[in-house]
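Report on the structure given below.
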Amino acid sequence: MTLETPVRVLIVDDSAVVRQMLTEILSRDPGIEVVGSAADPLLAREKIKRLNPDVITLDVEMPRMDGLVFLENLMRLRPTPVVMISSLTERGADTTLQALSLGAVDFISKPKIDVARGLEGYAEEIVSKVKMAAKAKVSALNRPSAPKITLDMQSAPVPGSALRFRTTDRLIAIGASAGGTEALRVVLEHMPADAPAVVMTQHLPASFSTAFAERLNRHSAMSVREASDGEAILPGHAYLPPGGQHLRIIRDGARWRCRIDDGPPVNRHKPAVDVLFRSVAANAGPNAVGAILTGMGDDGARGLLEMLQAGAPTLVQDEASSVVWGMPGAAYKLGAAQEVVPLERVAERLIALSAQAR
């Protein structure tokens, strides 16, 4: 597919209304061609073979074959960029996170009532995510698992430095977007239980944050949770903003605390990575380490630069292992990243850089 060739999209959804609305929204963009639609995965299988789409939009819950089963088969037999269409419910959030773990690139939230008007309100986001998915590397999701890291396995530790982290010694700040739910899982899965505190921002709908925190907690030796306002930031813990709010850190004497911020979107995002990173630059400075993982757009790039200028070591995920090298690429081009690291080595480098941070 060249830049001049429209992105060929197949819509798979059991709702005729959703199929029609997505077709209308996507067809308005000259860079997209809707080549077909299917009411269930079994019909979709035949159309995929015949139409060879660049991107598939896939409803999670459908008759005849579960959307997750179909997705798993698709990614194993014919890897294709998939954008999930999911409901804004707790059950829908958990199912969508499972879909992302199986290889879906991104998702679009479907309103529970007045679906037609609701989807129209997301038209710009739908078009943007479909175009982004066409450029995504779905093969990057088949990554080998890295060994778990312990503090005595760090690469190049500072001679004589005690690898024990007190409350305010070190802080790791991470930002991610498209592809980030799985990238964050990989990173946290390989962090030791006594790692420095981690503060994170991942672009997600408000109703997804609780399920995401619970999912990460199941996969990590660290304690992963949604942050509460004023909560002390402790080693061995990782904090995410609660749904639809920014996360910042503040200094309180010899420790840091979480500050939940209900201010306006930044870079069109709420939560925004730049909000977190700028607070870390101002309040933790050289005691922090910053990282940007896979994601679309440029949120976090300027904040990471501010962290670097404040004395914090910084890194970004490399292009080869990123689903979308938007945010990491923007930070790299801005000169905000000291290192470019494959996903399977991010946890290792964060621990090593934490030991070296001043």
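Backbone N, Cα and C define each Cβ position, glycine as well.
Features of the protein shown, as given by Swiss-Prot:
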DOMAIN    8-125  domain 'Response regulatory'
MOD_RES   Asp59  4-aspartylphosphate
DOMAIN    157-352  domain 'CheB-type methylesterase'
ACT_SITE  Ser177  active site
ACT_SITE  His203  active site
ACT_SITE  Asp299  active site
Residues in the domain 'Response regulatory' (8-125) grouped by DSSP into helix, strand and remaining coil: 57 helix, 28 strand, 33 coil
Sparsest-packed among the recorded positions, when each Cβ's other Cβ atoms within 10 Å are tallied, from Asp59, Asp299: Asp59
Overall pLDDT of the domain 'CheB-type methylesterase' (157-352), taken as the mean: 93
Which recorded positions sit within 10 Å of Ser177 (active site) - Cα, from Asp59, His203, Asp299: His203, Asp299
Sparsest-packed of the listed active-site residues (Ser177, His203) - C-beta count within 10 angstroms: His203
Alpha-carbon distance [Asp299 (active site); His203 (active site)] in Å: 10
Length of the line joining the Cα atoms of Asp59 (4-aspartylphosphate) and Asp299 (active site), in Å: 28
